[in-house]
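K.L.:
Please see the structure below; I have some questions.
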Amino acid sequence: MRERAQEYDASQIQVLEGLEAVRKRPGMYIGSTSGEGLHHLVWEIVDNSIDEALAGFAKSIQVIIEPDDSITVIDDGRGIPVGIQAKTGRPAVETVFTVLHAGGKFGGGGYKVSGGLHGVGSSVVNALSTSLDVRVYKDGKVYYQEYRRGAVVDDLKVIEETDRHGTTVHFIPDPEIFTETTVYDFDKLATRVRELAFLNRGLHISIEDRREGQEDKKEYHYEGGIKSYVEHLNANKDVIFPEPIFIEGEQQDITVEVSMQYTDGYHSNILSFANNIHTYEGGTHESGFKTSLTRVINDYARKQKLMKENDEKLTGEDVREGLTAVVSIKHPDPQFEGQTKTKLGNSEVRTVTDRLFSEYFTKFLMENPTVGKQIVEKGMLASKARLAAKRAREVTRRKGALEISNLPGKLADCSSKDPEKCELFIVEGDSAGGSAKQGRSREFQAILPIRGKILNVEKASMDKILANEEIRSLFTAMGTGFGEDFDVSKARYHKLVIMTDADVDGAHIRTLLLTLFYRFMRPIVEAGYVYIAQPPLYGVKQGKNITYVQPGKHAEEELAKVLEELPASPKPSVQRYKGLGEMDDHQLWETTMDPEKRLMARVSVDDAIEADQIFEMLMGDRVEPRRAFIEENAHYVKNLDI
């Protein structure tokens, strides 16, 4: 925990502006009024408790989803100040909950470091809740105040004596604001709670669900902090050295923590945080780390004669292959920029991170020559594969990005050139591809048949991936490029539809394609361009009429219902479609491709870390985690093709 700031009292609560606009324009303060915004309310309150932990005063935090989907957050910090705040003439706790930008975060007195720009937190949550109440446990007393839609109900009062210290906040999100949903997602909250436990070494933090039929509780506490985080991220991977490297230092009031470990895989996974906020877009702390890592490894390799004089320098891409790293900084005044305000902009952080990491990592390599040699050798192998991939890439470029005659996948393109209207169906097998070509709308639907199972990219290096014809044809058809040349704005289709058979092989091909998109074309997944077609599982024919039943866990019940509702004569016949090839072009269009009638599932990434681990477990080299997953989930299997 950081060095404690001085006393925390009413004089440290500063007021910047009023609260009127929050209910009129909630999106300006919490991003949206969808499920994302609803969950954001929780973090605004939790961040206040985390600030107490960062300052060294709180040791435990509890987050509770109450039976009515309201939220309670409990901490054992100092308790929000209850004295009179000079500017407002009201108790400090009331000021915190009723005045926008009031808090102990702006003057640097209450907190040396706080959770990003969350000074707006408490008052915004109050404004967007039908009711909120706060209990402050301080100086032997329990202080209580209640609010309705941001307005004070009663003056702050003492309701009992106590030997506890801390703050408890309970709020009910306002359904007038959150019109889409007021139902909390336990797993979503638990993921972030666990992340906060990793980022704040030694903190005890729990999440509990008290809703009927959903009761659950998870408690997190990691003495290893981000070192434990790296171990968690690499749980299903084969690592090159057993224990993650951990580096910590402080300069100019900026604390830098880095933990890293290499795996035998081909993908890097670098997560960066500033004041506990996940900086998805990176920033100066991440670039400082990357620059330093590349320079230190190259210097070490030359000094130890692990590379020859005329060997080409290892690039950043080379030294990051197979790397899992977490970079976490704490800064008194973080500046966030970028599209989603998740990119750290402070220029001094780059220098501090570079300097601190360089010093500690150089020392580590000198003291651990075996590990140092393993890291350099991995980088050199990556360099060879990169140069081979570069040659393959140049060959592909010379053929021209859109010369369809060069596509081994036999792309049947559409006539429209408007990417927003265009759809690319990736179809399993030539026979289904033929039906799809016949049945499609040629104006906006393109068909790319793929033969057999494509390469599992989770286990392959870039040069092997680019040598695979099916994958090359897909990259070329999309027009986005790949790897370092990838550009989502060049996508020729804004709907990429995976259309496979409803059997085990079809599911496998679908997973292989999703692995490819996630690992090498992730921006198209994040942009919402990837879909999975939902061809029917059954066709019930009676006379000239056909009723289709979609796949899903209730498919059998749906089929029984359809049969029950049909007249007994003429006798209906049931066909189970195992393959797309069993449908003619008219049926395929009607059931799976017609925008007016079809069902499609859009692929999204809600939790990138979990997605990363699932792909590694299902598609990676290690058998044990996969076997454990199968044993754990086998009882869910309903239809098994043997």
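In case you wondered, yes, glycine gets a Cβ from its N, Cα and C as well.
So Swiss-Prot says this about it:
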- Glu428, Asp501: Mg(2+) 1 binding site (BINDING)
- Asp501, Asp503: Mg(2+) 2 binding site (BINDING)
- 422-536: domain 'Toprim' (DOMAIN)
- Lys453: site 'Interaction with DNA' (SITE)
- Asn456: site 'Interaction with DNA' (SITE)
K.L.:
Relative to the Cβ position of Lys453 (site 'Interaction with DNA'), how many further Cβ atoms are located within 10 Å?
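P.N.:
Here the count is 14.
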K.L.:
Whose Cβ, among the binding-site residues Glu428, Asp503, has more other Cβ atoms within 10 Å than any of the rest?
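P.N.:
Result of the Cβ crowding comparison: Glu428.
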K.L.:
Measuring Cα to Cα, how far is Lys453 (site 'Interaction with DNA') from Asp503 (Mg(2+) 2 binding site) in Å?
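P.N.:
Approximately 13 Å lies between the Cα of Lys453 (site 'Interaction with DNA') and that of Asp503 (Mg(2+) 2 binding site).
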K.L.:
Using DSSP, tally how many residues of the domain 'Toprim' (422-536) sit in helix, strand and coil.
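P.N.:
The breakdown for the domain 'Toprim' (422-536) reads 56 helix, 21 strand, 38 coil.
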K.L.:
Find, among the recorded positions listed as Asn456, Asp501, the one whose Cβ has the highest number of other Cβ atoms within 10 Å in the structure shown.
P.N.:
Asp501
K.L.:
Cα distance, Asn456 (site 'Interaction with DNA') to Glu428 (Mg(2+) 1 binding site), nearest Å?
P.N.:
16
K.L.:
Can you give me the Cα-Cα distance between Asn456 (site 'Interaction with DNA') and Asp501 (Mg(2+) 1 binding site) in Å, rounded to a whole number?
P.N.:
19
